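So that you can see what the record holds, here are the features copied from TrEMBL:
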DOMAIN    17-139  domain 'Histidine kinase/HSP90-like ATPase'
Amino acid sequence: MHNGKCLDLSFAATESEASAGIAQLSQRLSAQGLPTHKAGDVKIALAEAINNVIEHAYADITPAKVKVRCRLHQNWLEILISDTGNPLPGFRVPDGIPASLGSTIDELPEGGFGWFLIHELTSDIRYERSNGCNRLSLRFDFPKPS
């Protein structure tokens, strides 16, 4: 897969299907040569992005499928996540600024950390909405060690 061959997976936009899909993708990417030191970052960012699809893109509408396409090259990985849910607010990737932390655990916000994590763990993020479909691209660079 280092020559850029694709790895595709599609699953229902539910928590259980997403969890199984993320585990399967992580295993298949590792088997195809994803560097061990990047595997955790990829899994966390993938889980956060797919969780956003389930919780927000399909909020108040009937969930459909989430499609994931991975292209693993020698020095980088691109993951394209597609869904037919609601678009991202403002049709753009959120800034990823972490939510303000309260002084007590009870004051911690419910969300606001996912996009921060995705921004921190990826090399590039792109989003487009076309013909009723959301397409979120996550890129992970892993240059060869010197």
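Even glycines carry a Cβ here, placed using N, Cα and C.
Not measured: the values here are computed from a predicted model.
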For this session: Take every residue in the domain 'Histidine kinase/HSP90-like ATPase' (17-139), average their pLDDT values, and give the whole-number result.
Result: 91
Exercise. According to DSSP, how is the domain 'Histidine kinase/HSP90-like ATPase' (17-139) divided among helix, strand and coil residues?
Worked result: 51 helix, 31 strand, 41 coil
